[in-house]
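Database features (Swiss-Prot):
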- Gly10, Pro11, Ala12, Gly13, Ala14, Gly15, Lys16, Ser17, Thr18: ATP binding site (BINDING)
Amino acid sequence: MEFVQIAIDGPAGAGKSTIAKRIAERLNITYIDTGAMYRALTYKVLANNIDITNEKTIIELAQNSNIQFLQENIYLDGKMINEEIRSIEINKKVSHVAKIKEVREILVDAQRKIALGQDVIMDGRDIGTHVLPNATLKIFLTASVQERALRRYLELKKKGIEVDIDELEKDIMNRDNIDSQRAFAPLVKAQDAIIIDTTGLTIEDVVERIINLLKGV
């Protein structure tokens, strides 16, 4: 039996998680937010006051951490941390943790194991190129920096967090640079991925487009 695997890649704030989650609900398939796994590890790094440049200790932490998905909730060492991993500080630091080759190898292995034997939609930075290179459908979502910063601004404002939108733009550009320039599994479009620019589109517009593309595979 062949299982459906949908890979959604793209930069920070392009709408990957929101769209992937909606598609998972529509198709009744498992959703895996791989970015949440890197955020969970970053949360643990910061909680333990580990220097973000101390790669050796971060790798050891990754080797000794239990990061799990249960019913779309993210658990770190048995504790649900859905809200904790969405802080501004983690937004700024997660790319530094995610660029470490050994960390990516550990988490990619875990992601592939989760995908085995079931229909999945997975979003991240290197799903179509590295995690699920033989995915049924590969999508690369993008949007302007201004649009992505505005989305993040509104998301944080909804949670009662006041931020400067110009600072968010700078943070997004910095994350884009780190993600695309890292030596191992950088953020790049898979050759066979379909680009969708979500600037100005509603969530439902993008969801419908991807579901229609899947029907044509």
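A Cβ is built for glycine as well, from the same backbone N, Cα and C atoms used for every other residue.
From a predicted model like this one, the values you see are computed outputs, not experimental measurements.
Apart from the site residues Gly10, Pro11, Ala12, Gly13, Ala14, Gly15, Lys16, Ser17, Thr18, the chain places the Cβ of Ile19, Asp123, Leu141, Ala143, Arg148, Thr198 no farther than 8 Å from the centroid of the site's Cβ atoms, the recorded ATP location.
Ala14 (ATP binding site) is surrounded by 26 other CB atoms, counting those within 10 A of its CB over all protein chains shown. Every protein chain shown contributes to the tally, and the Cβ of Lys16 (ATP binding site) ends up with 25 other Cβ atoms within 10 Å. For Thr18 (ATP binding site), the same-chain residues lying six or more positions away in sequence with a CB closer than 8 A to its CB are Ile203. With a 10 A radius on its CB, Gly10 (ATP binding site) counts 26 other CB atoms from all the protein chains. Sequence-distant neighbours of Ala12 (ATP binding site) (same chain, six or more apart, CB under 8 Å from its CB) are Asn91, Arg148, Arg152, Ile172, Arg175, Asp176, Asp179, listed in sequence order.
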